[in-house]
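Asks: Okay, here's the structure, questions in a sec.
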Amino acid sequence: MKMIVGLGNIGTRYDETRHNTGFMVVDQLARDYHLGAFTHLKQEAVAVSGVINGEKVMLVKPTTFMNDSGRAVGPLVDYYDIDLDDLVIVNDDLDMPVGKVRLKTHGASGGHNGLKSIISVLGTKNFNRVKVGIDHPQHGTVVSHVLGKFSKEERPKFDQAVEQAEHALEDWINGEDFAKLMNAYN
């Protein structure tokens, strides 16, 4: 089974905010493949499972706050015996412009607290990621930026990035090597 974890903050107050980019990508996959509703798991997450192009896939959204994402991801990886090659984390990235998508097979957190938490709990930096750009704030604080919504001008670029992230994930689900996909999508 492949597991795709979208990072975000749970609660309607955070819906459609930049920091919930990961949630928005997995929500789009769930809608497009008619996987049904996300249900609560005991591992501090909501998830939906199904078959996408012949492959069993679980889409996950931690119900912890972003900074504690590892509390959900670690137990899920253990419980479902997920090989790290079969795990992808989808997260927002301040260091990339809105509309940009980048795939990585390993690396540091880049200052992303959700990734820091996952790295700490898993004990490794070696797991696949799909990073979606949300850009640095032009004005105001980083916190207000990541917890804010995309502007009318940004939204079409963001929607295109979600679609591109979804295509990359579909290619990976279909058996494409993640490292090779980096060349195609980065």
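Using the three backbone atoms N, Cα and C, a Cβ is placed for every residue, glycine included.
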Asks: Could you look at Y14, Y33 and say which one Swiss-Prot places alongside F65, N67, N113 in the tRNA site?
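Replies: It is Y14, as the record lists it for that site.
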Asks: Spatial neighbours of D92 (site 'Stabilizes the basic form of H active site to accept a proton') among the recorded positions Y14, H19, F65, N67, defined as Cα within 10 A: which are they?
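Replies: So far as Cα distances go, the recorded positions lying within 10 Å of D92 (site 'Stabilizes the basic form of H active site to accept a proton') are H19.
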Asks: Could you check the recorded positions N9, N67 and say which one's CB has the fewest neighbouring CB atoms inside 10 Å?
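Replies: Sparsest of the recorded positions N9, N67 by Cβ contacts within 10 Å: N67.
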Asks: Output, ordered by sequence, the same-chain residues six or more apart from H19 (active site, proton acceptor) with a CB under 8 Å from its CB, or 'none'.
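Replies: Residues satisfying the criterion: L7, G8, N9, M66, D92, I134, V146, L147.
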Asks: What does DSSP say about N67 (tRNA binding site): helix, strand or coil?
Replies: helix
Asks: With the tRNA site defined by Y14, F65, N67, N113, which remaining residues of that chain have Cβ atoms positioned within 8 Å of the Cβ centroid?
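Replies: Not counting the recorded site residues, we get N9, H19, T64, M66, D68, S69, G114.
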Asks: Please list residues from the chain of F65 (tRNA binding site) whose Cβ is under 8 angstroms from its Cβ, counting only those at least six apart in sequence.
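Replies: Within the chain, F65 (tRNA binding site) has Cβ neighbours under 8 Å at N9, I10.
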